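*Asks:* These came from TrEMBL, pasted as-is:
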type     : residues : note
TRANSMEM : 34-53    : transmembrane segment
DOMAIN   : 49-284   : domain 'Rhodopsin'
TRANSMEM : 65-94    : transmembrane segment
TRANSMEM : 114-132  : transmembrane segment
TRANSMEM : 144-170  : transmembrane segment
TRANSMEM : 190-210  : transmembrane segment
TRANSMEM : 222-242  : transmembrane segment
REGION   : 325-346  : region 'Disordered'
REGION   : 391-412  : region 'Disordered'
Amino acid sequence: MYNDTAAREGFAAALLAMSHTQDLSETLCHQTRVLVIVITLLATVFVALRFLGRWRQGVSFGADDWTCLVALVLLYANFIIHLILIDMGVGMHIGAMSVDHIESLSKVLFTGEILYVTSINIYKISLLFFYWRTFPVRLMKIGGIVLGIFTLLWTLSAIFVIVIQCLPVSKVWQPWAEGTCTNLLHTEPAMAGLNIFCDVAILCLPLKPVLGLRINAAQKAFVIGTFLLGSYVVFTSCYRLAMFFKFDPTDATYTLAEAQAWDVVEMASGIISCCLPTLGPILKTMTNSIITNTRLSTRMSAFGPAAVRARGPKQDLDLVTIGGSGGSSTCKSPRSPHWSNKLHHHHDNKYGVIDDDMYNDDGMVVEKKSPSPQPFVQREVAMLMRNGASAPIIQSQDDETPLRPAQMGDAV
């Protein structure tokens, strides 16, 4: 007849015997703690940039944005659970644990497993909402509904598998008790494989609409690459699965540590991947700032710091003579009588030069304001995803976009 007290004492004796065969000073706690802290903060930065980009565009927040925020909140819940597990001993050899300690740890771990499978697919829903918002076409709607239903069914199935992994359920945190448990090395690869398949399917979903855009091959490659940047979440899912194969039930607290940490990494990677296509406005602002600073540095290097002075916070820079006599509206500049400041007509659009003579009849450089901006016809790649994504679509050749007047400080 089963005796719970005797079974518990037998389990404690097994732990004591195991402690003599293990290096109890060996631990994975520090490295897993650092890993989850860094990746969680990184995901937070990307979500903040996503909302900042929407705000800068004046675009209202949609279901995809709010779902992404929910995914971040659940990421923090998993992050906190993981830190609690580390403090309780996940990352240490099981021989260093007491029976009561293992029972408490197993209850938290069981809760964390249910939270993980509930949270891991929220970022997928956010990405599907984003596709639906960006590509309002029949294929995208049908594909989004199918993959959304698949994701929901996977979540319910995973919760069911976790709950019935041991019968009775209490055997999960009382391994010495009577009952049976399934082998996680059999169920986990199957569930992880379906999860990876869903990730790949969602990443491939927008390929057909993007390939149908009337843009050249280089532009298509850029747009597709932008969407596929999120494919590294597939790598993290695969790596997490590889870590799980290190699991040894006889030393569960140590061998499960890395796989538990990669639960958080996988979730954070999914959140980052669903934010990447929305960061177009932020990247554009950063690029423009870098280009402006580079041009200013080039001018100062060429003319010297004393040769550049600012007229105001929003005004252009005046070039003055290196000899220090600048500051006036004119400066003497010898030039050949055959020299012309006018570029060939096909350069005007390239450099943005207004076709006005900047010299008077005496060969003097005259600083004067350019006339009102003059439009020129250009082929413009506008943003297909007007809400912040970076996939372009070609506008009509007849669109006219005003070109700003050339300023005296512009490099040509």
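Cβ atoms are placed via backbone N, Cα and C, with glycine included.
Mind running through what each feature is packed against?
*Replies:* Under 8 Å from some Cβ of the transmembrane segment (65-94) lie the Cβ atoms of residues 15, 18-19, 22-24, 26-29, 32-33, 36-37, 40, 43-44, 47, 50-51, 54, 101-102, 104-105, 108-109, 111-112, 115-116, 118-119, 122-123, 125-126, 129, 250-254, 256-257, 260-261, 263-264, 267-268, 270-271, 274-275, all in the same chain and six or more residues away from its ends.
Panel annotation: around the transmembrane segment (144-170), residues 110, 113-114, 117-118, 121, 124-125, 128-129, 131-132, 177, 179-182, 184, 187, 191, 194-195, 198, 201-202, 205 of the same chain, lying at least six beyond its termini, place a Cβ under 8 Å from a Cβ of the stretch.
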*Asks:* Using a Cβ cut-off of under 8 Å, list the residues of the same chain at least 6 residues beyond the transmembrane segment (114-132) that approach it.
*Replies:* 62-65, 67-68, 70-71, 74-75, 77-78, 81, 140-141, 143-144, 147-148, 151-152, 154-155, 158-159, 162-163, 191, 195, 198-199, 202, 205-206, 230, 263, 266-267, 270-271, 273-274, 277-278, 389
*Asks:* For the domain 'Rhodopsin' (49-284), provide the mean pLDDT of the predicted model.
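*Replies:* Per the prediction, mean pLDDT sits at 89 for the domain 'Rhodopsin' (49-284).
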